[in-house]
């Protein structure tokens, strides 16, 4: 699958992509094409902001930093909005979503690209940061309750692993971005599928 990542934000982002792609700077209006093989799983694309890197590609980002390197090999640090995917899985389908489980830094859309007969995908185009609850504000953006409070009921682990429900915080995020994962058991309204072989477009600030 080809993923076209487009920065429509009025500022520079440093796009990141694992396990394929790594990372690169995207000025306003620039795009980046990433080819991911069928069978790729646990994949993420995200935007890093406020980055400074030296000529060797080392430095740091205010949001989404992945260990201080331009070329990410591991996931980014919360808070950051995530575009997630797994290719050619059950029933020959691709599964994809936008997650704000790790918080929110930049609005995204994640849509099928081209004429595969598949047209639905998630959009989280609202600036969640503008109305972020004060206790979730971090680095000028909006974190989720799980990374902030590390409690079972927010993270759906431990005592809440099998009995996890929306919280006031996840309902806030869901109200802002109905398509996005707002808490870990939010699968029903947040996972999208297309036939394997579909190409996709991820737009920052759609």
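FYI, residue positions are counted from 1 along the chain as it appears here.
Glycine residues also receive a Cβ, built from the backbone N, Cα and C atoms like all the rest.
Swiss-Prot lists 9-205, 51-61, 66-72, 118-194, 124-177, 132-142, 146-155, 156-164 with the feature disulfide bond.
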Discussion item. Nearest of the disulfide-bonded residues to residue 164 (disulfide bond) by CA-CA distance, picking from 51, 124, 132, 146, 155?
Written reply: 155
Discussion item. In the three-state scheme derived from DSSP, which category covers residue 155 (disulfide bond)?
Written reply: helix
Item to complete: Specify the nearest of the disulfide-bonded residues 66, 132, 142, 155, 205 to residue 194 (disulfide bond), where nearness means the distance between Cα atoms.
Response: 205
Response to the item:
With residue 142 (disulfide bond) as reference and a Cα-Cα limit of 10 Å, the qualifying disulfide-bonded residues from 9, 51, 61, 72, 205 are none
Worksheet entry | Using Cα positions only, nearest of the disulfide-bonded residues to residue 132 (disulfide bond) (51, 72, 118) | 51
Worksheet item: Of all the disulfide-bonded residues given, 9, 61, 177, which residue's CB has the most CB neighbours within 10 A?
Response: 61
Discussion item. For residue 205 (disulfide bond), which of the listed disulfide-bonded residues (124, 156, 177) have their CA atom within 10 A of its CA?
Written reply: 124
